[in-house]
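Peer 1: So that we are looking at the same thing, I have put the structure below in structure tokens.
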Amino acid sequence: MDFPCLWLGLLLPLVAALDFNYHRQEGMEAFLKTVAQNYSSVTHLHSIGKSVKGRNLWVLVVGRFPKEHRIGIPEFKYVANMHGDETVGRELLLHLIDYLVTSDGKDPEITNLINSTRIHIMPSMNPDGFEAVKKPDCYYSIGRENYNQYDLNRNFPDAFEYNNVSRQPETVAVMKWLKTETFVLSANLHGGALVASYPFDNGVQATGALYSRSLTPDDDVFQYLAHTYASRNPNMKKGDECKNKMNFPNGVTNGYSWYPLQGGMQDYNYIWAQCFEITLELSCCKYPREEKLPSFWNNNKASLIEYIKQVHLGVKGQVFDQNGNPLPNVIVEVQDRKHICPYRTNKYGEYYLLLLPGSYIINVTVPGHDPHITKVIIPEKSQNFSALKKDILLPFQGQLDSIPVSNPSCPMIPLYRNLPDHSAATKPSLFLFLVSLLHIFFK
């Protein structure tokens, strides 16, 4: 037996170093399958559906319990390459996967992140579009849309106006995926600008459209999330790195303030999937040359990791009856920031609320009963990669048969269309705005 060769083999990494090239569908699939095979204890590879041309929409899950949800462990996701000709995010997510699995057990921060978070990574939502690009271009290429020539970031239901378009297979697959997991936080990776953009992307007068903005009830949290990413990217935070394009102070913008769009994915996530999502524009050039990929990784690595950690902001817990039975489908909302589609507990009675440090009143409402009110104080720093844990015991005897196990969907119609301008579901208060500013400038 050749012992030197044996020892050399043991020292080599389980996955060969991922090169900084663009990986077409076959190469991407081969890499993902190799990772899933060699790191099977912390990864789970699955397809959430197929593109128009039958290509798999792969998702690799990284976590200590990758195959199933565990109570108390929040679900996080990254999605890239929604526009097929915007390619940097696709490669960054492959390198993020490589970094996570090879750092587990070696880097304490990454190990803690994998222990405490279930991370879902979709490198390409539009593989047909990516494969259709024949001549990469900085501004626009055939391949932005899917094979049926639909822009997937205009293809979701819209809460502000009717979006009567043919729902595409890629969009339907993502919508179904969102129903299967309790996603808490997400980001959607794009290219063609350098900015972190937060909801809303569309708007009405009640959300601030008259003032060229459209703000959610959680605007303070969204601004904080966007700044968290942008501030760690040395080029994005400058706000003016892309020539002949709009400048963004501190590398951050409200989506509607930049330009309104109908049927976007980040608004859909926030309103109908109970998931906070922002859009990350990562490169001035949509499809830059391969030799620039290492610098993109270096500029985004810290931001990508730090953003995942934000899934542990705020408070989480379960809602129980007096016999200790978890209560699904119970409305859990923070006073003065009601969502137009109320956030509800999942089938395990779990809730997750992303909140900045401070004092909050939480209303817990079982259908047909008066709200139960509880107060929480979110500390300045999360404890060991965990949000504040606050289980809530409701004064009910026995399981409530009137509560359905699964969450009833809010109708996918323009929910904001006829809402009064003063509604709490549309206007963040002055207090929330001031809190947001304090966290941005004094963090």
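Using N, Cα and C of the backbone, Cβ positions are placed for all residues, glycine too.
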Peer 1: Taking CYS341 as one end of a disulfide recorded in Swiss-Prot, give the other end from among CYS242, CYS275, CYS410.
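Peer 2: Swiss-Prot annotates a disulfide bond between CYS341 and CYS410.
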Peer 1: Select one of HIS23, HIS190, HIS227: the residue that Swiss-Prot places in the Zn(2+) site alongside HIS83, GLU86.
Peer 2: HIS190
Peer 1: Tell me, from CYS138, CYS242, which cysteine Swiss-Prot puts in a disulphide with CYS285.
Peer 2: CYS138
Peer 1: So one of SER103, SER166, SER423 should carry the feature GPI-anchor amidated serine according to Swiss-Prot; which one?
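Peer 2: Going through SER103, SER166, SER423 one by one, Swiss-Prot annotates SER423 as GPI-anchor amidated serine.
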Peer 1: Looking at the recorded positions CYS138, CYS242, GLU277, GLU281, CYS285, whose Cα is closest in space to that of CYS341 (disulfide bond)?
Peer 2: GLU277
Peer 1: To the nearest whole angstrom, what is the C-alpha distance linking CYS285 (disulfide bond) and CYS410 (disulfide bond)?
Peer 2: 38
